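Grabbed the feature section from Swiss-Prot, which reads as follows:
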- 122: N-linked glycosylation site (CARBOHYD)
- 1-23: transmembrane segment (TRANSMEM)
- 33-49: transmembrane segment (TRANSMEM)
- 95-113: transmembrane segment (TRANSMEM)
């Protein structure tokens, strides 16, 4: 009888897993279908046949102007946007597009995170893809939107292109947990060496140490891609006041998806616990 119960339990567990997988699959594909319909109908509404006459260069210029104007029209633009990928499948080109669009609307800092550390292990590949998409999307004006990838724990850059206007930081779970541990150890040493007393240690002191270790401001906005309802260790201390917006997938994400999220952020009122 026990073996029968075990078989039934395993069957129900497998059935639940299958149901979740099917629901997730339908969510992503319905979202992509909606995007395909928009992509099909929007050019007709905007008179896309007239845009073709301008050619690739004219198209890039018009897009660059539009994206810059979009950023200026927002009532509130985040200084730092985090791109949190919870999906197992990662597309570098789609993430690079999101980074370039963030640069184009005027966002100064972009952090890229996945809980497996894939981006961090392959940050050179990510940088190459960003530079490629920068040229593809912005054309000759791409030099106005220079980017650098910051090394963790230093003020030096791994890559730099002309004068930097936007900074990209590639993060993994270690950056969240390890930075808290290191800050705590530093405070303990200060007390042990009588440089501080236990009464001197408070939230503000710890917060200052953690900000110094990151070289960039706390994220104002995090875009979470995927169906996982968790931030998966993304800078746990630094996102206490961060607005988090969930999106179905980073795969095939469009500029309009990003801009819609920025509009939602601009309309949010932070009450800071009030």
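Cβ atoms are placed via backbone N, Cα and C, with glycine included.
Each of these features: where is it, how hidden is it, and who are its neighbours?
When secondary structure is read from DSSP and collapsed to three states, residue 122 (N-linked glycosylation site) falls in the coil class.
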May I ask which residues of the same chain, at least 6 positions away in sequence, place their Cβ under 8 angstroms from the Cβ of residue 122 (N-linked glycosylation site)?
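Result: 92.
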